[in-house]
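According to TrEMBL, the protein has these features:
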ACT_SITE  P2  active site, schiff-base intermediate with DNA
DOMAIN    2-115  domain 'Formamidopyrimidine-DNA glycosylase catalytic'
ACT_SITE  E3  active site, proton donor
ACT_SITE  K60  active site, proton donor
BINDING   H93, R112, R155  DNA binding site
DOMAIN    240-274  domain 'FPG-type'
ACT_SITE  R264  active site, proton donor
Amino acid sequence: MPELPEVETVKRTLNVLVAGKTIKEVEVLLPRIIQKPSDIRMFEFLLQGQTIQTIERRGKFLRFVLSDYVLVSHLRMEGRYGLYPSEEALELHTHVLFHFTDGTDLRYKDVRQFGTMHLFPKGEELVQPPLHKLGLEPLDDEFTLEAFRQQIAKRTTKIKPLLLNQAYIVGIGNIYVDESLFLAGIHPEREASSLTSKELQVLYEAIIQTLRDSVEVGGSSVKSYVNGQGEIGMFQHQLRIYGRKAEACYACGSEIQKTVVGGRGTHICLTCQPLKRTRKKNQ
Ligand SMILES: [Zn+2]
């Protein structure tokens, strides 16, 4: 599933490709992708004549800001967008077509068919599902060390599932949680409230660094993710722990373990991320 850096990359690419274009007609070939409105013909009707002003990101969601509406799109496992000349033949698994007035199409493809689209009158998308209860944006100014502390410090759940919970912090999925916890030297099963003030700060910085580094190179292409122009991200070559089961840790040489934490496959170096800490009394 694309996480924050991949969706951010798609957003930036889509802004270059389709911002300013006006929708002539929309064709929905797979109704289940459209979650709102429930009437697919209404979805197609409302989008006619709308101009794409900009594309924004909230967590792992794309927000297409139109003249009067906002289209909220989640790529889930394999969803992707591409720009094509309107006369070009459809590729397999193309489910939604946005025909523009300039003779091009934005096409949504999704092999797994798990992606979703919600259409709202502008502004309503912020007070309704799926965006209404999302947590802090980790690359925004609002994500201060103090805000992070308030979300995390007193919780009695394990740190990994807590970081995956989009109600606290958005956009971090399995890859970037494993990378951030490794970088911070924190075992994924540590109880959040057991983290010291210093550890919280190191983790806070690790999350920001991991996400920023990935955005800079266009995200990771661990499964089949590609951005809107069919290019792949390069961060998978910089992954320190994710997907490296049984390989040697770059930091200490120990063998990287793969286990399950909170129902998710999890990569750990037990030397760099010890579960039991011997804490000094004055710490
Ligand atoms: Zn190590």
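Backbone N, Cα and C define each Cβ position, glycine as well.
Unlike curated records, TrEMBL annotations are generated automatically.
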Spatial neighbour of P2 (active site, schiff-base intermediate with DNA) that is closest, considering only the recorded positions H93, R112, R155, R264 and their CA atoms: R112
Most Cβ neighbours inside 10 Å, all chains, among the recorded positions K60, R112, R264: K60
Between R112 (DNA binding site) and K60 (active site, proton donor), the C-alpha gap once rounded to whole angstrom: 17
Spatially closest candidate among E3, H93, R155, the listed recorded positions, to R264 (active site, proton donor) (Cα to Cα): E3
Between R155 (DNA binding site) and K60 (active site, proton donor), the C-alpha gap once rounded to whole angstrom: 24
Local Cβ density at E3 (active site, proton donor) - other Cβ atoms counted within 10 Å: 23
Separation of alpha carbons, K60 (active site, proton donor) and H93 (DNA binding site) (Å): 22
Inter-residue Cα distance where the pair is E3 (active site, proton donor) and K60 (active site, proton donor), in Å: 6
Confidence summary (mean pLDDT) of the domain 'Formamidopyrimidine-DNA glycosylase catalytic' (2-115): 96
Structural state of R264 (active site, proton donor), classified by DSSP into three states: strand
Taking residues H93, R112, R155, which bind DNA in the record, the widest Cα spacing (Å, whole number): 42
Residue among the recorded positions P2, H93, R155 whose Cβ has the most other Cβ atoms within 10 Å: P2
